[in-house]
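So the structure is just underneath, and the comments pick up after that.
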Amino acid sequence: MKLKTKAKALRGRLRVPGDKSISHRAVIFGAIAEGQTVIHGLLRGQDVLATIQAFRDLGVTIYESADSLIIEGRGFKGLKPAQKPLDMGNSGTSMRLLAGLLAAQDFSVQLLGDDSLSRRPMDRITIPLSLMGAELSGQGEKELPPLIVKGCQELRPIHYQLPVASAQVKSAILLAALQTQGETVILEKELTRNHTEEMIEQFGGKLSVAGKQISIKGPQRLQGQTLQIPGDLSSAAFWLAAGLIVPGSDLVLENVGINPTRTGLLEVIEKMGGRISYQAVDKDRQAATLKVSYSTLKGIEISGDLIPRLIDELPVIALLATQAQGTTYIRDAQELRVKETDRIQAVTDVLGQMGADIQATEDGMVTRGKTPLHGAAVSTCGDHRIGMMTAIAALLVEEGQVTLERAEAILTSYPDFFKDLERLWHD
């Protein structure tokens, strides 16, 4: 598709879709809790729809009302064997978290994914879940999907140190541990997003968190809840970037999630000199209204324990770096190479083809700015975040046309992305 270029300014107010990470977990916990769960603000992107369909295939009743999703929870013991493989689509979150949950069931299930998901390593979950007593098998050394999970109703508790900073791996172990007799202890390499821990407590479960150590005793029973999901900071990130780098822009984003384990991007914006302010802060719901406007940015270094708190925002941060004065270094981000695509390579390829001075390193990128961007024919590589990064980058293009292949990948997390762009466009 041809992307909009030569933006004069973006202005207006916007509500981004519900948080993808929280939406997945809300559906999962609603299904395994006892009683009804009502979810408001759910993201209805393709990834979350895959999670919903998986639980329908496992015998859970899920239906929609005008503004909510209603789940009739069956408890941990109420899931039924699926009559066919569960299709996770493009969603690594769905596959890894469901593998953890299903590791304690008394039936076997096959988890499938699309071409992109079928290249993502699952050994990071098969190893700890196998230590607990489940049988999991994928393809090759890295246990690539399809993944067969043969559950065990008498899992063993484990003490496990995560070899990578991954909220998905942590969550898979926690979902298994909730069904396991005894205490499981997880030690994180770096602090990662804590939505699963928060949701366990929200549904009436108990766990203990001390720094990077999480302890949980099972088995537990959970109770259905009513949830309000905030807007996704990872989706808001693209509009925050647009507001900062498109001259004359002034944007207000309402009801954006600001969980502290996710706000690394906001800290980076401030360090780069971006004009950003917080309004209507709701500490209980961890949400706020964010206001940004066009800014003069400077290059910085991004590394260490900040990386897990902005891992999904690094593509758009790389775009910001192309419009910042000086050099921006992104380090310690090798996890980007095993996302929906190799995001280090994809980001440097796309922005490089558009004229940016950007080089890939083994664990990140080096970007020298400020550089003008020009037209190019590029691809999302099937990755929604690469697609949205490119659409925002195209707004700066004054010469040439930007064409984007496989733009449908954006439907994974932001079905109305281009509609929202039209709303903010000012000639």
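Cβ atoms here come from the backbone N, Cα and C positions, even for glycine.
Record check, Swiss-Prot: 3-phosphoshikimate site residues include K20, S21, R25, S166, Q168, K339, and the candidate from D57, D305, D312 also listed there is D312. The 10 Å shell around the Cβ of K339 (3-phosphoshikimate binding site) contains 20 further Cβ atoms across the protein chains shown.
For G92 (phosphoenolpyruvate binding site), the recorded positions whose C-alpha atoms fall inside a 10 Å radius of its own C-alpha are K339, out of S21, R25, S166, D312, K339. Within 10 Å of K339 (3-phosphoshikimate binding site), counting CA to CA, the binding-site residues K20, R120, Q168 contribute R120. Comparing the binding-site residues K20, R25, R120, R343, R385 on other C-beta atoms within 10 angstroms of each C-beta gives the minimum for R120. Here Q168 (phosphoenolpyruvate binding site) comes close to G92, T93, R96, L97, I125: these same-chain residues lie at least six apart in sequence, with C-beta atoms under 8 angstroms from its C-beta. If you take the Cα of R120 (phosphoenolpyruvate binding site) and the Cα of S21 (3-phosphoshikimate binding site), they are about 18 angstrom apart, rounded to a whole number.
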